[in-house]
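As recorded in TrEMBL, the features of this protein are as follows:
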type	residues	note
DOMAIN	33-387	domain 'Orn/DAP/Arg decarboxylase 2 C-terminal'
DOMAIN	42-295	domain 'Orn/DAP/Arg decarboxylase 2 N-terminal'
MOD_RES	Lys65	N6-(pyridoxal phosphate)lysine
BINDING	Gly247, Glu289, Pro290, Gly291, Arg292, Tyr389	pyridoxal 5'-phosphate binding site
BINDING	Arg292, Arg329, Tyr333, Glu361, Tyr389	substrate binding site
Amino acid sequence: MKLFNGMTVENNELAISGVTVSELRRKYGTPLYVYDENMLENQCDTFISNFKSEKFKTEVLYASKAFSCLEVLRMANRAGLGVDVVSLGEIHTAYKAGYDMSKAYFHGNNKTREELKYAIEVGLGTIVIDNDYEYEMINDLAKESKKTVDVLLRINTGIDAHTHEYIKTAKDDSKFGYSVYDETIFDLIADINGQSNLNFLGFHSHIGSQIFEKSSFYEAAKVVMEFSRRVEEELRLTIKVLNLGGGFGVYYTDEDKPFELGEFLQEYIKVIETESENFGLELEKVVIEPGRSLTCNAGSTLYTVGGVKKTFAGREYIFVDGGMADNPRYALYKAKYEAALANKINADENTVYTVAGKCCESGDMLVMDTKLPKAEQGDLLIVPSTGAYNYSMSSNYNRLPKLPVVFVKDGTSRLVIKGETLEDLIRQDI
Ligand code: LLP
């Protein structure tokens, strides 16, 4: 297992930012999500200090769908990041965390009237329009509230980077945004731009997640800018803001080869500067919105080993006290993770195990075929890189309570989300 910055070994035992795993178990129990706060802060710093330009303002948003809770949002706010929100719940969490809501961008392909109303009430900075149905609702609500609302339009560049390489297609089936190849988009933009209660600023584009090809981002930025130029010429308006989305790939296992973030961000800025000049754009602001790359590697999940079982077919399982309810990513995407026995971190890794959860579902796996030391009941098993899309996608399947979340920093730990109790599980039942 790769040891990330902040992970150290003391007496054969793993410590995260100076707090040993046995201390964490003693204080909070398992299963448990643990975040290294220094790593979270450093990632924020890397984005803020490298995504900078002298030609236009820049803004980095935290895509809070990766992991939304009051404390992580307080931290992102302190670090100077804006925030990307996609639901009433995410808006509410950011608002209650004291976020400067003028730095919030509201995304989603089917925002409800209730969500939009709340967004306008709390002074949410920019609404990203996905489609014409939504546009009319936003316009009505802006008129009703007698406010002017800043809006971007989400466009679809046809660059599909999910497969780790881009393919440009004129016919794009994505449920998100409006295709730049659909000529009716010009009428929509003219219409939005003509509304007195809407302040049309520019476009948003997000090409996918966990992308390792720098060129996918550069190509998408270029298509967005080329399109912006066409819109400026045909509709005689000025594009001031571009939000180019997130999606920067991270390390889960040694199959993943992420680019060096700081270096990439500086290169990305250069590409945007050059292309905006080539297309004659006078951009006021360029925005990006990372989620996974801010929080993923900072978070780990700590489990206690229960049974260890060899099947008739020969597979050796380690059963842990959590599983797909706290990390559904194997079940959903066949996502790969590393693992280690955190209380035997230096021991010889001589046995091949499959780490399985405790849910009643055959697909409830965490890590397939990984080499670990001989495991025994009571060992502490760690799965790193669970800091994004784990807590936020966790469920109560099998009526398992949601796990607590702890932040550690320089030898101290603190609870930032309490674990659910049995009473919490039946609270809404009638
Ligand atoms: N902006 C928009 C409009 C997005 O839809 C997303 C992610 C992001 C930014 C942040 O992307 P990131 O930097 O985190 O890659 N549940 C999946 C990931 C879904 C991502 C959805 N959108 C997973 O567990 O891998």
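From the backbone N, Cα and C atoms, a Cβ is placed for every residue, glycine too.
Overlay of TrEMBL feature records on the structure.
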| residue | record | DSSP (3 states) |
| --- | --- | --- |
| Lys65 | N6-(pyridoxal phosphate)lysine | helix |
| Gly247 | pyridoxal 5'-phosphate binding site | coil |
| Glu289 | pyridoxal 5'-phosphate binding site | coil |
| Arg329 | substrate binding site | helix |
| Glu361 | substrate binding site | coil |
| Tyr389 | pyridoxal 5'-phosphate binding site | coil |
Rounded to an integer, what is the Cα-Cα distance in Å between Lys65 (N6-(pyridoxal phosphate)lysine) and Gly247 (pyridoxal 5'-phosphate binding site)?
12
Sparsest Cβ environment (other Cβ within 10 Å) among binding-site residues Glu289, Glu361 belongs to Glu361
What subset of the binding-site residues Gly247, Glu289, Gly291, Tyr389 lies within 10 angstroms of Arg329 (substrate binding site), using C-alpha positions?
Tyr389
Can you go through the binding-site residues Gly247, Pro290, Gly291, Glu361 and pick out those with a C-beta less than 6 angstroms from ligand 1?
Gly247, Pro290, Gly291
Mind computing the max CA-CA distance among Arg292, Arg329, Tyr333, Glu361, Tyr389, which the record assigns to substrate binding, rounded to whole Å?
27
Sparsest Cβ surroundings (other CB atoms within 10 Å) among the binding-site residues Tyr333, Tyr389:
Tyr333
What's the CA-CA gap between Glu289 (pyridoxal 5'-phosphate binding site) and Glu361 (substrate binding site) in angstrom, rounded?
35
